[in-house]
Amino acid sequence: MIGLLLTYLAGLAPLVGMGTYVPVVVGLGVGTAAPLVYVGMLFIALALASGVVGMARHMVRPGALYTYITAGLGRIAGLAGGLGALTTYILYAATSYMMVAIMGQPLITALHGPSLPWWVWSLIAWIGVSILTLLNIDVSTRVLGFLLCLEVIAVLLWEVRVMANGGPDGRGLNIATGPHGGESIGVAMIFAVSVLTGFEVLQVFRNETPNPERAIPRATYLSVSLVAAFYTVGAYVYLVAFGADAAVASVADPANNYIASVATYAGVVVGDIAKVLMVTSALAAQLTYQNVAARYAFAFANDRVLPSWFAAVHPRFRAPTRSAALVAGTVLILDTIVVVLQIDVLAAFVTLAALAGFLMMVLYLAVSIAVFFYFRRNPELERSTWKTKVAPAISTVGFLVIVVAATINRATMTGGDETVATWCLVVIAFMLAAYAAYALWLSTHRPKTWALVAEEATQT
């Protein structure tokens, strides 16, 4: 089970989460209530995990979100969800390059290196990561696991020192005084839940794990619980370290402010190590997102949903080179648009990360509904009322509230520009509708292709 945990946890980049996502959650208006946001995330995610675990037991090849959506809601919804997931991971990959720039410049400055535009560092990272995906050179789980341990140790050292010394306002925190702007809770929840992205893929290893009926559920629930606990405590300590008001203001330069806090409380050496680990952490996230997106693209090309030309596998490296190139090129185009339009990199990061998170919440909502209908059609497969009715209901309501709240307060996702936010959501809605229309067209005009779409998801 430890191997399963590392497989998922190694790519979560905890220092990146503490240096970007936690400050954003705090700064979005929830203030001292930020720890409660992560507690809420825990309950919603565990409910979704319960349904997914129960459903995966009866599927031939569980794992990707669209396989669950297909099994529960049909192939049109499933294919639309799958293409939506591909889009989501491409957006996450685009934001991760911005992350490297945001976090890399402090490291370069500390090493007396040049101060260059953010896109230069992003381009260097893009070249390196894209080569790894094209050549199928993957960073081993052991290496990622080792870096994960170092990141967690650095965070824990900082937390211990903060709680030992106390922050500007002492060690206590009046959570009851938050949120300062509860209307932003939906967007805050998007960033909170985003740190759990991908936990459902643990089901992929069901056929490779001894005693999967016990090991897979335990690994899934433990992974979700550990991540939620890590960020709940982390958010609390973050607020203590900065003080409530300063913590909200720290979102203006989250990575630099967090590293400065680590150096202040845990020492300069730990702070310098954290600078390096934040960059390696962001690079690991980039590699994960691009690899996942490339595999999605390859699977769709193999099923002829995308042009079959992208289904080619390199004869030497055995990598889906063309699909990887498609993903890398799309990511480069997105980041180039940000550069050409001269959009502030932090604003672009927050906006694209929020939109990617919003899309992921829509997909999780669809999965929650799919679990309910799957067991409603197949009541003989699972006797547990919790897994078949209660858990899907909780996760459905939870993700629906998040999506609706984020939609109502959409301006928060774009730094206060409601017009831009509205157009972004219109584009997302149009895109998902177009994906569904394309799926409908395939069902009537390409029956052979349609027969291949998520075929494994329809088998029990």
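Each Cβ is built from the backbone N, Cα and C atoms, and glycine gets one as well.
TrEMBL labels come from automatic prediction, so no person has curated them.
Keep in mind it's a predicted model, so treat the numbers as computed, not measured.
Listed as Cβ neighbours of the transmembrane segment (37-56) (distance under 8 Å, sequence separation of 6 or more from its ends, same chain) are residues 25, 30, 62-63, 68, 71-72, 185, 188-189, 192-193, 196, 199-200, 203, 206, 216-217, 220-221, 224-225, 228-229, 231-232, 235, 364, 367-368, 370-372, 374-375, 382, 384, 386-388, 390-392, 394-395, 398-399, 402. The feature transmembrane segment is assigned by TrEMBL to 37-56 (among others).
Within the chain carrying the transmembrane segment (76-98), a Cβ under 8 angstroms from the stretch's Cβ atoms is held by residues 64-67, 69-70, 118, 122, 125-126, 197, 282, 285-286, 289-290, 292-293, 296-297, 300, 305, 327, 330-331, 334-335, 338, 345-346, 348-349, 352-353, 355-356, 359-360, 362-363, 366-367, 370, 431-432, 435-436, 438-440, 442-443, 453-454, 457, all 6 or more beyond its ends. What TrEMBL records for 76-98 (among others) is transmembrane segment.
Marked as transmembrane segment by TrEMBL: 118-137 (among others).
Sequence annotations record features per position, and here TrEMBL assigns transmembrane segment to 144-164 (among others). For the transmembrane segment (144-164), the list of distant contacts is 6, 9-15, 18, 171, 230, 233-234, 237, 240-241, 261-262, 265-266, 270, 273-274, 277, 280-281, 284: same-chain residues at least six beyond its ends, Cβ to Cβ under 8 Å.
What TrEMBL lists as transmembrane segment is 184-205 (among others).
Long-range Cβ contacts of the transmembrane segment (226-252) within its own chain (Cβ-Cβ under 8 Å, at least 6 residues beyond either end) map to 5, 9, 12, 14, 17-18, 21-28, 31-32, 34-35, 37-39, 41-42, 45, 152, 155, 158-159, 162-163, 166-174, 177-178, 180, 192, 195-196, 199, 258, 261, 265, 346. Annotation source TrEMBL lists transmembrane segment at 226-252 (among others).
Counting only same-chain residues 6+ beyond the ends of the transmembrane segment (258-285), those with a CB under 8 A from a CB of the stretch are 10-11, 13-16, 18-19, 23, 92, 96, 99-100, 103-104, 106-107, 110, 125, 128-129, 139, 144, 147, 150-151, 154, 157-158, 161-162, 165, 238, 241-242, 250. What TrEMBL lists as transmembrane segment is 258-285 (among others).
Under the heading transmembrane segment, TrEMBL lists 324-343 (among others).
If you look up TrEMBL, you'll see 349-375 (among others) marked as transmembrane segment. Remote same-chain partners of the transmembrane segment (349-375), defined as residues 6 or more beyond its termini with a Cβ less than 8 Å from a stretch Cβ, comprise 20, 24, 47-48, 51-52, 54-55, 65, 68-73, 77, 81, 84-85, 87-88, 91-92, 94-95, 98-99, 102, 187, 189-191, 193-194, 197, 200, 334, 381-382, 387-389, 391-393, 395-396, 399-400, 402-403, 406, 412-415, 420, 424-425, 428, 432.
The feature transmembrane segment is assigned by TrEMBL to 390-408 (among others).
The transmembrane segment annotation in TrEMBL covers 420-441 (among others).
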Two-stretch contact, the transmembrane segment (324-343) and the transmembrane segment (420-441), at least three Cβ pairs under 8 Å: no
Positions whose Cβ lies under 8 angstroms from the transmembrane segment (118-137), at least six residues beyond its ends: 97-98, 100-102, 104-105, 108, 282-283, 286-287, 290-291, 294, 314, 317-319, 321, 324-325, 327-328, 331-332, 335, 338-339, 345
Long-range neighbours of the transmembrane segment (184-205), counting only residues six or more past its ends (CB under 8 A): 4, 7-8, 11-12, 17, 21, 24-25, 28-30, 34, 37-38, 40-41, 44-45, 49, 52-53, 56, 59, 61-65, 68, 92, 212, 216, 219-220, 223-224, 227-228, 231, 288, 292, 353-354, 356-358, 360-361, 364, 367, 401-409, 412-413
